[in-house]
Structures are given as structure tokens and as C-alpha cells.
Amino acid sequence: MNSPPQGSSLASPVHAAAVTGDKSTLMRLISSNSDLIDQEDQLGRTPLMYSVLGDRRACAEALLRCGAQVNRSDRSGRTALHLAAQTGNPRLLKLLLSRRANCTHRDLRDITALHLSTRHQDTRCLALLLKHTPPGQVDAQDQRKQTALHWSAYYNRPRHVRLLVRHGSNIGIPDLEGKIPLHWAAGHKDPEAALTVRCLLEAAPTESLLNWQDYEGRTPLHLAVGDGNQEVVRLLTSYRGCNVTPYDNLFRTPLHWAALLGHTPIANLLLERNRTPNIPSDSQGATPLHYAAQGNCPDTVRVLLAHPSVRDEADLEGRTAFMWAAGKGSDETLKVMLELDSELEINRTDKYGGTALHAASLSGHISTIRIILQHGAQVDAADVMKHTPLFRACEMGHREVIYTLVEGGAKVHLVDKDGRSPLHWAALGGNANVCQILIENNINPNAQDYEGRTPLQCAAYGGYIGCMEVLMENKADPNIQDKNGRTALHWSCNNGYLDAVKLLLHYNAFPNQMESTEERYTPLDYALLGGHQEVIQFMLEHGALSIAAIQDIAASKIQAVYKGHKVRKAFRERKNLLMKHEQLRKDAAAKKRESVSKRKIRRDVCEASNSFSPSRISHVMSSPTEQSEKEYYEEGQNNNKGQCKRSSRHRKENCCTPINEVNSQSQKNYNRMAHKEIKEYSQFSSKAESNKRQFVQENDASEKDISKEQIVEKPFKGSKTDRNKKSDLETVTQIMASCSIRESRLPKRNKEPDSIVIQVTSNGGNSPKHKEISGRRHPERRSSSAIAGQQKATERQATYEEERASRKSKQRTSSLHYKHSKEADIERTGVNCSPTIHINTGRKSAISRNSSRVGNSLAQWQQLDIERIPLEARLQLVEREKARKHLFQRKNQAAVLIQRAWRKHRRMSDSTVRNIN
């Protein structure tokens, strides 16, 4: 009794009774519950299907009598008839067909019972189904478009093939792969498949069937050669219409297949039955000899080389069969080819300049390399990239091959077309051992190619930790940049190799190196672009910066430098201004020295002309004061001897000159200078005379000895003769006053200050009287012109001293705020505007310069009305004050700008230091 099929699910007792053949139990269960007749298990199978699977005919008949559905299908779409055909049970198949089972029913894959009946050697099931199958349903196709004939050819059922062909099955229907039943029959490895092929060819021995190509271009002969079925090949090639050299889609013939698979008898058979003189090549230009050499089939190679039409020709890449054999390490094939082909060129190059030694070195076949080297191969032959076999071995990491090539004389210091050494290629391949071997052979670990890349950068690009460690242990510099400014750290961060990044930073790689391209990316920027979070975090922890952060820092530094530049520029401008001011000061000092020298010359002339012309002096000295004037000038001459030593040289030089000549020359100089002084004084007197006003001055209440009198300045009145005398007297007095002015500008002598002379005019007299308040001289003997000259000299001396003090105060660098007193302005105004003041009073009075009454005089000058000052003097005062204030403002602005620029520079320097820290 057959056991139930494996994988079945016995869901209920009724299914168990049906499969085991327990008819009594089955009937008892059905009688108790009629719904159990077609009860389905988990796979959708009924008790009838289990009876068929268990070959329980009695149970099947009982179920059919009780009303079981014969065409009911399970979850896969198969009925009890499918299961009977599948198991090859003709009795149950006949029972089901008698109960009108549908023989054309298809399951979910469109398989009918006719397809399933071809799986067994017994043809009775197929015959029963063919009797009940309509004529048009014999070639029913499943989902793969295969008929029952395809199934019969595939399972190598020659009797099924004859039966189906007899019932009208079509032998030329292709399936989804384009194969007809002949393809499936020819592709069977069983030698008896030739019988099935013969049955199919007997049905229709046409040339189209023999050379039918599937959708890959393969004929039945290709499949027969591929399976190595020599009988089928012999049978197919025996037909005259069979093409022995058909091409598939890759332009491979059956001979290519035989050479590749090493089917030497089939290759010999195909060569014998080849009707063409030439051996065809495939789409790559490879001949069957290439495939035989690649597959290390020395017998096939021997057979092929024995044929007169076979030659070791190159393929489309220029590679010969010898190169193919060297690349695959086919030592026996190489020996056969070297033995049989005497014209073989061992150093023949392909399209790219590679030799058989290149191919063997790339594959790492040491024995093959030794065979080739023994037959005179060039060990340093270079291809178009200037790669020697050593380059290929280093790239692939074949240590033994490297040793073999070095022993054979290979040079390790060569570079290829890109400037890369074998160490570069070893690093690109990540071969740490090869790198160590090459470094031991004195290859520079920091060698750069034409792009500036080092072996360390090549290893970092691939993330080869071992290779990188070997290189850096041998003093490879991790901070070398290529032409684009990239370092090894750039490549590791770009590809996200965290271990490589850690190793590079451990060997002091600079984390903020910028590339030299327009973007100026740093390693951190590459990590950010790649989104490698772990690398980003690690780089940030070790002080890495992006290009944006570096640009921010650089911008702040540039701004600081630019601001410093602006400060220095402003300082230079202010310095130029100060230098210009200093130059102006020097020019003013030079003018001053020039004027001083001119005054000295005039003083010397005045001293030299103390003895005037007697004719001019006699007229002047006719007044009562001429004797006193003469004594005054003699006394001044004696007092000035100590201060006029500079004129002694002039006297010594003229000591040899006669006295008359000296006096004559001195008289001429004096007359010229006196005429100039008289002219200047007359102009000034005419202006002052037009601006005279009437003043009223009251003495201080504390001054009891001075009574309130009206002070009136009146023009000179008298006769014409008196006026002429006064004019002559004023002329001499002006000359004397000019001399006194020069004397006042000399260094002061240790003597008591001269007294202030006030002209007092009585109410009844016209001629003024003079009275000396203090001092040794008697001004009352002097004329009013002499008094005016003395006062003018005194005022000029005071103005000169004030201007000198003002310049000294302005030259001080610390005097940023110079305060000018109102009192000094008023006093200067009074001095400049009133060179001569004649006070007419009833009694004689004088005010000493050193007395306590100077304050009262100052108060009186302060009470003076500004409108009474001459207009020209006021304008001069205003212009002088404007010039002084303008110069002060420029100095102040320059000082403020310099201080402000210095403070900004200090702040920016401090902030820059803080940012860097």
C-alpha cells in the first residue's frame, strides 16, 4: 500500500480514511455527515483527490457513487485527473475519464493532464488522454508556451514523441525562449537523446528545423556541443542541410563552444565536417584557439593547431591566444603553443602595449611568469601607460610575483605616464605588504605624481588603514598637498573613513588645510558634503573648521588690519598736518630772525650815526631841551656799549678808514634810515591824528592826590614860526624815538624801569610841560614827539612779548585748552590802538610801572569803550585773534583724532586676541 505523499495535510478523519483506503470508516463518516464528501483540507484537496494520490480505487469508486465532484480543483487549480496523470496511474485515470472528467482543464500554470502524462515512461496514460482530447487541444501550451511535445523532448521520451507526432502535434512550435522540441532533445546529456532527435527529424527533416535558432541565436547543434553529446552532434552534422558554423548572438560557433569547454573529440569532429576554409571569430575577434588557450585545454589546442586553417591571430584588442593563456595561467597550453608554434612572438604587444608578461603579472601566476621569462620575455616592457609588469603586480598585491620580477631584473623606480610609481599603485590597491617591500627597495614614500598626489593620498582615498600605517611609519608626510591643495585627510573625510581620519590626526595631520580651488574646502567641508556624521563629530572635537568659519575669522582679522591701516593713514595725514604746521612755525621763526637781523643792522647804523651832521643838530638843539636831548643820547650810547659788541667788528674793520670818511659814510646811512623812519611815522601820525577822540578819565576814589579833571587832547596851536620849529623838533624827536625803539628791543639792562611820562597842559598855556615821576632822566626837557616815540617803542615791546608768550603756549603739546583772558585782550587792544596818549590836566602827575596803581590803570583800560579804538587797530586785532583760534582748533582736532584712532586700535587688538584665544 502506497503511503500518502509528503507535504499533504490530513485535516480531517475523512481525508485520512480516503488516503489509507479505510472504506468502512469512510462510508460511516459520510453516512453520518454528507457534507464530508467534498470537504477540503488546507490545500483545498478533497477525499477523492486523496484516494487518487493513495491509489485507492475502491475508495474513489465509493466516493464517486456517493456524489463526489470529479472536476473539483485544489488551491493550485489541479483536479483529480491531473493527480492521476501525474502519478501515472492508468486505472484511476480511466475511472475518472469514465465519470466525465475534463481532460483539457488547466491549472494555475496552464498545465493540462496531457503535459503531466509525459513525465513517465508508460505511454498508457498519454494514450488515454489523447483519446479523450479534442484534436485542437493536443498542442495546448502552458505558461512557458510549451506543448506536450516539448515536455516529451525535454524528458527524452522518444515513444511519447512518436505518439504525439502521430496524433498531429506540431514539432515547430517555439516556446518562450524560442526553442522548438528539437532544441530540448539535442540539449539532453543522455546518449539516448539521439533517438529522440531522430524521431523529431524523421517527422520533418527540413533544413529550417536543423538550423532553427532560439532567441539567443543558438541552434540545436550549439546545445548538443554545449552538453558534450557527441552522438547528437554526429547525428545533426550528418544531415546535409546542417550548418556546422552557425553564429549565435555573440558570434560564437559550435567550435568556439567545443574549444571553450574542452570537448576535444567534438572539436575534431567539427573541424572535419567544416566546409569553410577559415575558422570564424566571435564578436570580440577571438578564435576557438583563444577559448581553448583560456580554458587550459592543451589537447584541444593541439588539435586546433594541427589544422592548417588555425593560426594564433589577435582579437580586436590585439591579444593573441598566447596572451589569453598567460592571463589564465594555462601553463600546459603555453608549453604546447611554444612547442608547436615556432613563429610565436613572446614579446608581442596588444592594442594597449601589454605583453603576455603583463597579463601573467596581473593575474599573479608565478609559474607562468617564470615560463615566459625563461623564453626571453622583457621584464620592463612598458605599455602605452608606461606600466611595466611590476606595476600590474603591485596593483593587485602579488608579493611572490614582485619578488620574481625583481629577481628577474625589474626596476622599481620607474614612473608611469601620470608620474605614479609602483608604490602609488600598491597604495591604490591597499596592499600594505607590497608597500613595505617597495619601501625596503628604497622607493620614496612621499613621491608625488603629476597631480601632486602621494601614495598616502592614494591609500586614504580607498581607506586602507594598514597601507596608510605602513607609509606613515616610514615617514610619509600626511600634510603634503596635491595641485588642488587636497591632503590625505581631504580624501578620507570625503569618503567617510573614520578610522583613516583618526590615524591621520594621530600622525599630526593638519585638520584645517584648505584646498587651492575656488571653493577652498577644508576636510570638514568634505565630511559635511558627504553627510558623514561620525567623521564630522570627530573632526569638530579635534579643532577642525569649515571654510565658512575660517572666512569669518579671516574677515575679522582683515577688518582689524584695515582699521589699523586707516588709523595709520589718518595718523600720517595728521602727522603731515603737524609737519606742515611745524614748517609754518619754522618759516615764521625764519622771518622773525630775518626781521631781527634787519633791526640789528638798523641799530648798528643808528649807533654808528650818533654823531649827526652839525648843521641839522644845531637847528634842533635851539630849543631849551636840546642839551638834555644831547645828554640823553650820549648816556644811551654809553649804556649800550655792552650790548652792541656785535658792531665792534664793524668798527675794527673800519679802523683804518679816515675819520672823515667814516663820519661821511655814517652820515649817509643815518640820513637814509632817518628819512625812512620819518616817512613811516608821518604816515602813522596822519592816521592817528584823524582818529583822535576826546576822553574823560576819572581817577580812583582812593587816589586823593589826583583830582577829577577833564582830559582833552587838542591840536597844536601857535604861530607859523613856532609850528615850523615844532615840526623840526618832532623830526629829530622821531629819529630819537626810533633809536629808543631799537634800544628797547635789546636785552634789558639792570636798571630801574623808566617812568611813564604824562603830558600835562594847563588851561592857560599852549606849550606842553613835562615832568619826571621816577627815573634818572628828565622827560620834561624832551619834546612831545620824543615822548610819543618812547611810548610807541614801549607798546611795540609789550606786543612783541605777548605774541612770543602766545606762540610758546601754543607750541606745548599738552595745551589743548588755552584760555585767553579778557583782560589781556583789552590791554593788548589798548596798547595797539593808542600808541601815544597825551593827558592834559592842571597838575603834573605820573604813574610808575611798578606801583600799585597799575591795577587801577588796568581797570580804567577795561572800562574803555571799544568803539573809540581806531578801526584799523580793531581789524588787526580781530584778524590776529581769528588766526590764533583757527590754529588752535586745527591742533585740537588733530590731537582728538589721534587719540580716538589710538583707542580704536587698542580695542580692536584686544578683541582680536580674545577671539583667537
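Cβ atoms are placed via backbone N, Cα and C, with glycine included.
Sequence annotations record features per position, and here TrEMBL assigns compositional bias 'Basic and acidic residues' to 585-597, 701-729, 742-754, 769-783, 793-806. Annotation source TrEMBL lists compositional bias 'Polar residues' at 608-626, 682-699. Sequence annotations record features per position, and here TrEMBL assigns compositional bias 'Basic residues' to 643-652. The feature region 'Disordered' is assigned by TrEMBL to 585-660, 682-729, 742-819. For 43-75, 76-108, 144-176, 216-236, 250-282, 284-316, 352-384, 385-417, 418-450, 451-483, 484-516, 519-544, the entry in TrEMBL reads repeat 'ANK'.
The helix, strand and coil residue counts that DSSP assigns across the repeat 'ANK' (216-236) are 14 helix, 0 strand, 7 coil.
Same-chain residues lying 6+ beyond the ends of the repeat 'ANK' (76-108) with a Cβ under 8 Å from its Cβ atoms: 43-44, 46, 48-49, 52-53, 55, 57, 60-61, 64, 70, 114, 116-117, 119-120, 122, 124-125, 128-129, 132-134, 137, 140, 142. Counting only same-chain residues 6+ beyond the ends of the repeat 'ANK' (451-483), those with a CB under 8 A from a CB of the stretch are 418-421, 423-424, 426-428, 430-432, 435-436, 439, 445, 489, 491-492, 495, 497, 499-500, 503-504, 507-510, 513, 515-516. Beyond its flanks by at least six residues, the repeat 'ANK' (519-544) meets 487, 489-490, 492-498, 501-502, 505, 511-513, 550 of its own chain at Cβ-Cβ distances under 8 Å.
This prediction places the mean pLDDT of the repeat 'ANK' (284-316) at 91.
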